[in-house]
């Protein structure tokens, strides 16, 4: 479920960025004189503004709701972790007693 929500979250984020980039700014009236007239658009002269604004608000709401749900799911996950995920802790090593020094077989020192 977490992965599916993450995919939906990414799609909503990309759609939100796309919708924001497609909207005309407040000072976009100058573009009409250079051939970017509103009469040739899909929604007419004023129809796209309302549609784009509502879709942006809807996607922004979905973005915030899904981000809160993903954060809640992520904070409630239990750490099952494998031994490869926690490499900062040193491995337990077996410590043995050092071997006793060998007793000389002769009385002549080396």
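Every residue, even glycine, has its Cβ placed from backbone N, Cα and C.
If you look at the topological domain 'Periplasmic' (1-13), the same-chain residues 6 or more away from its ends with a CB under 8 A from one of its CBs are 59, 62-63, 66-67, 69-70, 73-74. The topological domain 'Periplasmic' annotation in Swiss-Prot covers 1-13 (among others).
According to Swiss-Prot, the feature transmembrane segment maps to 14-25 (among others), an assignment based on a curator's inference. Here the transmembrane segment (14-25) has long-range neighbours at 31, 49, 52-53, 55-56, 59-60, 63, meaning same-chain residues at least 6 beyond its ends whose C-beta is under 8 angstroms from one of its own.
According to Swiss-Prot, the topological domain 'Cytoplasmic' annotation covers 26-50.
The transmembrane segment annotation in Swiss-Prot covers 51-66 (among others).
Summarising the annotation, Swiss-Prot assigns topological domain 'Periplasmic' to 67-110 (among others). Here the topological domain 'Periplasmic' (67-110) has a mean pLDDT of 75 out of 100.
The annotation region 'Disordered' is assigned in Swiss-Prot to 81-110.
Each residue of the topological domain 'Periplasmic' (1-13) gets a DSSP state, and the totals for helix, strand and coil are 12 helix, 0 strand, 1 coil.
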